[in-house]
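Before any comments, here is the structure.
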Amino acid sequence: MLKEEDKIFTNLHGQQSHDLKSSKKRGDWDNTKALLDKGREFIIEEVKKSGLRGRGGAGFSTGMKWSFMPKNSAKPCYLVVNADESEPGTCKDRDILRFEPHKLIEGCLLASFAIGANDCYIYIRGEFYNEASNIQRALDEAYKDGLIGKNACGSGFDCNIYLHRGAGAYICGEETALLESLEGKKGMPRLKPPFPAGFGLYGCPTTINNVESIAVVPTILRRGASWFASIGKPNNTGTKIFCISGHVNKPCNVEEAMGISLKELIEKYAGGVRGGWDNLKAIIPGGSSVPLLPKSLCEVDMDFDSLRTAGSGLGTGGIIVMDKSTDIIYAIARLSKFYMHESCGQCTPCREGTGWMWRVMMRLVKGNAQKSEIDELLNVTKEIEGHTICALGDAAAWPIQGLIRHFRSEIEERIKGWSSAI
């Protein structure tokens, strides 16, 4: 369990003002110049030592990602912050944008300095109107105070940060589709390689990081990599914001240590499952893109490795709780419809497969299908998984795979009930 003094996001629930004066009282922008004076290599190495892994879902080492940027590029380098949070069940970045904007902006400055980028873009979800307003106000305050812009914090480093609003496409959360959108084109994922670190925004070296990944950097540098690495578990270090929604008594966002038990997280912070733990049916532990877990597996630790072993994933940390009143087949069918709607249509397996899967899922919801179609559906998910340019195909396939893996008997009963009624 995370100690109060180890919390990074001390205004996560907006109890205090998010303006610059209040943010400074909470420790933001505290002698940032001294951190910059330590040099780029120090910052990258410290982030590496901390064990910070990307908080957007992939879990790749943040420091390692920064080290891929060229040291002496003839082209300008860019930092892009992915604030296009659109994953069903996920709202952690939204609260950072709302209530902790200066943590993000300070993190942008430090990360930009580390990778040699004089320009940073925050790409924010189009629907986040109020959050975009908060970020813009915070940027204006930071510019006025000399914290960013020319000679940021008096360090001699120039760093301009721009806010760019998206237009409501979930696919633009994929890093290369985001770059396409930022360039003014239709948001469609690029083939990799080349990777953004070599050929990113405007064909220049670019690093793309999640909001939470960037916002924790200033605290890591102030308190030290060893402090951050001491929280959580080996290879799964630090704190994480978890979003708990669904059939719980008190839905909430909470910052906790990586590796906390899923059951403890729900019972301590969300008031427990509606109707008690025995009324639990299943949980999606990491946003809609990861396979669900049945009640028998729901005391798993919330970290990358433990959830992978359990057959799911940490993803974004968006925990969706479903009690026994849930029509689990329809719940997953609803997610199938979401992915069908959000597919950009570039890859045939995803373009054709997501629609096909949704139509079959809706027949399974009614029971109007043959039992053989369950295996046929599973085979189609495996044909889509790993055969698309981006991970949206995987995201569409995994919820269905989880459903069939753990609730096949319920699907078969639904089919049997329909057949008996005819």
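The backbone N, Cα and C atoms fix where each Cβ goes, and this holds for glycine too.
Marked as NAD(+) binding site by Swiss-Prot on the basis of similarity to another entry: Gly54, Arg55, Gly56, Gly57, Ala58, Gly59, Phe60, Ser61, Thr62, Gly63. Annotation note: Ala58 (NAD(+) binding site) sits in a coil segment as assigned by DSSP.
In the three-state DSSP classification, Gly166 (FMN binding site) falls within coil. Around Gly166 (FMN binding site), taking its Cβ as the centre, 22 other Cβ atoms fall within 10 Å, counting all chains. If you look up Swiss-Prot, you'll see 166-213 marked as FMN binding site, on the strength of similarity to another entry.
Counting only same-chain residues six or more apart in sequence, the Cβ atoms lying under 8 angstroms from the Cβ of Cys390 ([4Fe-4S] cluster binding site) belong to Ile171, Glu174, Thr176, Ala177, Pro189, Cys347. Here Swiss-Prot flags Cys344, Cys347, Cys350, Cys390 as [4Fe-4S] cluster binding site.
Residues 10, 98-103, 134, 137-138, 141-142, 145 of the same chain lie 6+ residues outside the compositional bias 'Basic and acidic residues' (16-26) yet bring a C-beta within less than 8 angstroms of a C-beta in it. Taken from Swiss-Prot, the feature compositional bias 'Basic and acidic residues' covers 16-26.
Among the features that Swiss-Prot reports, region 'Disordered' is placed at 1-26. Secondary structure of the region 'Disordered' (1-26), assigned with DSSP and counted as helix (H, G, I), strand (E, B) and coil, comes to 9 helix, 0 strand, 17 coil.
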Can you tell which of the binding-site residues Pro196, Ile208, Cys344, Cys350 lies nearest to Gly54 (NAD(+) binding site) in space, using Cα positions?
-> Ile208
Arg190 (FMN binding site): tally of other CB atoms within 10 A of its CB = 19
Smallest Cα-Cα separation from Leu178 (FMN binding site) among the binding-site residues Gly56, Ala58, Phe60, Thr62, Cys350 is shown by Gly56
Cα-nearest neighbour of Ala58 (NAD(+) binding site) within the listed binding-site residues, Pro196, Tyr202, Cys344 | Pro196
